[in-house]
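Features of the protein shown, as given by Swiss-Prot:
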BINDING   H23, D25, E134  Zn(2+) binding site
DISULFID  C74-C163  disulfide bond
BINDING   H161, R235, D294  substrate binding site
Amino acid sequence: MSPSPIEEQATRLLKEVPLIDGHNDFPYMIRGWFRNDINGQDAHLYDMPIGQTDLQRLQKGLLGGQFWSAFVPCPKNPDKEVGSLEALRQTLQQLDVIHRLIERHPTILQFADSAASIWSSFRAGRVASLIGIEGLHQIADSVSALRMLHRLGVRYVTLTHNCHNAFADAATVSPELHGGLSRKGERLIRELNRMGMMIDLSHTSHEAQTQALRLSRAPVIYSHSSIYSLRAHARNVTDENLHLLHRNRGVVMICFLRELLASEADQATLAHVIDHIIYAGTRIGYEHVGIGSDFDGMLRGPDGLHDVSCYPALVAGLLERGVSEEDVKRVMGLNVIRVLEEVERVAAELQGAGEECLCDELDEVWNEDIKEQLTRERERVRKLGPQK
């Protein structure tokens with residue numbers, strides 16, 4: 001059966017502009033199924049026996065870019081150092097497997113860590129592969145560790161997952177711990193702006209979102225959230241925060257998780273996803289809407305969007321509902337590219353203005369006796385003068 005004019009139009013748009021998905025948990029499926037050993041597993045990576053993602057279906061879906069989630073679960077004992085350090089260790093393992101996956105399949109995937117590299121990957125016919133982490137429990141309470149993750153290619157950090165942490169409150173946990181952001185969290189927003197890391201507000205409490213939206217100098221994203229007015233779920237974005245997101249110039253990337261789309265989750269469909277996109281676009285402008293599936297973070301996608309091969313159906317559905325080509329292109333990927341460009345610009349401005357980095361608060365390393373010995377030795381050498 002030949003494609004309809006709308007389907008042909010959708011395919012054309014997908015070849016003109018990268019459709020960039022804000023969140024996919026395929027790396028965690030690799031951890032669960034292969035224990036991260038992908039040596040000799042190319043056949044399975046092309047056609048996975050589980051989940052909504054594999055290389056074959058990515059190509060069929062004409063995906064232009066993907067933020068792969070280096071997700072690890074919240075520690076069972078978050079207040080204990082061993083749990084915090086284990087989360088950081090697992091995060092490094094997930095970053096490693098993402099990089100190995102990209103390196104192993106260079107004809108399909110290409111690493112990207114900037115707006116410019118998204119375009120170069122797309123023009124080369126590859127899926128631009130970016131990385132995000134899903135919760136500040138993954139940094140072992142260390143801003144130094146977070147900066148190193150940025151150097152390893154991480155370009156967004158979700159402030160929380162389904163647990164409170166030292167920086168922010170989560171959406172689905174009660175009672176609240178900080179009333180939104182902690183003081184450390186407020187300082188971290190500034191540091192994330194300075195280092196050029198996108199701030200992701202998915203999974204955070206409504207109060208944390210409000211505070212971060214007011215504090216951040218750079219646009220923020222919701223990498224995988226939907227609209228509270230259409231589905232009253234703690235993970236979704238309220239109209240009040242949508243208004244602040246508009247002022248912030250950020251993007252809400254609509255999630256495909258059934259529970260976030262419809263009160264009767266088992267009845268969620270492609271049409272519900274389009275409803276959420278159109279609501280946000282009508283409310284705050286299509287310049288502030290994107291796509292963040294959360295594929296492989298769910299057991300089953302909505303009807304009509306069952307896996308990563310279905311992006312053409314989503315684009316066609318938006319066109320059928322009367323969304324203009326220009327607005328569809330914005331939703332597909334131009335908006336999140338613009339946010340990344342602005343995040344990069346703000347970071348360059350802050351660093352250029354001499355903004356100092358936020359440092360970890362370390363325990364005392366030396367006692368006063370050792371400091372005095374070191375000082376005396378330095379003074380002794382000074383008194384000796386230049387040596388021939």
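Backbone N, Cα and C atoms are what each Cβ position is placed from, and that goes for glycine too.
Source: prediction; values computed, not measured.
The recorded positions close to H161 (substrate binding site), defined as a CA atom within 10 A of its CA, are C74, E134 out of D25, C74, E134. Neighbouring residues of the recorded substrate site, listed in sequence order and excluding H161, R235, D294, comprise H23, E134, T158, N162, S202, H203, H224, S225, C255, L257, G297 (Cβ within 8 Å of the Cβ centroid). When Cα-Cα distances from H23 (Zn(2+) binding site) are compared across the recorded positions C163, R235, D294, the shortest belongs to D294. For D294 (substrate binding site), the recorded positions whose C-alpha atoms fall inside a 10 Å radius of its own C-alpha are D25, out of D25, C74, E134, C163. Of all the Cβ atoms in the protein chains shown, 21 others lie within 10 Å of the Cβ of R235 (substrate binding site). The shortest Cα-Cα distance between D25 (Zn(2+) binding site) and any of the recorded positions C74, C163, R235 is the one to C74. Each residue in N24, Y28, F67, S69, F71, G132, T158, S223, H224, D294, G297 lies on the same chain as H23, D25, E134 and has a C-beta within 8 Å of the C-beta centroid of that Zn(2+) site, without being one of the site residues.
Rounded to a whole number, the distance between the Cα atoms of E134 (Zn(2+) binding site) and C163 (disulfide bond) is 11 Å.
Of all Cβ atoms in the protein chains displayed, 24 besides its own lie within 10 Å of the Cβ of D25 (Zn(2+) binding site). The separation of R235 (substrate binding site) from E134 (Zn(2+) binding site), Cα to Cα, is 14 Å. Of all the binding-site residues listed (H23, H161), H161 has the fewest other CB atoms within 10 A of its CB.
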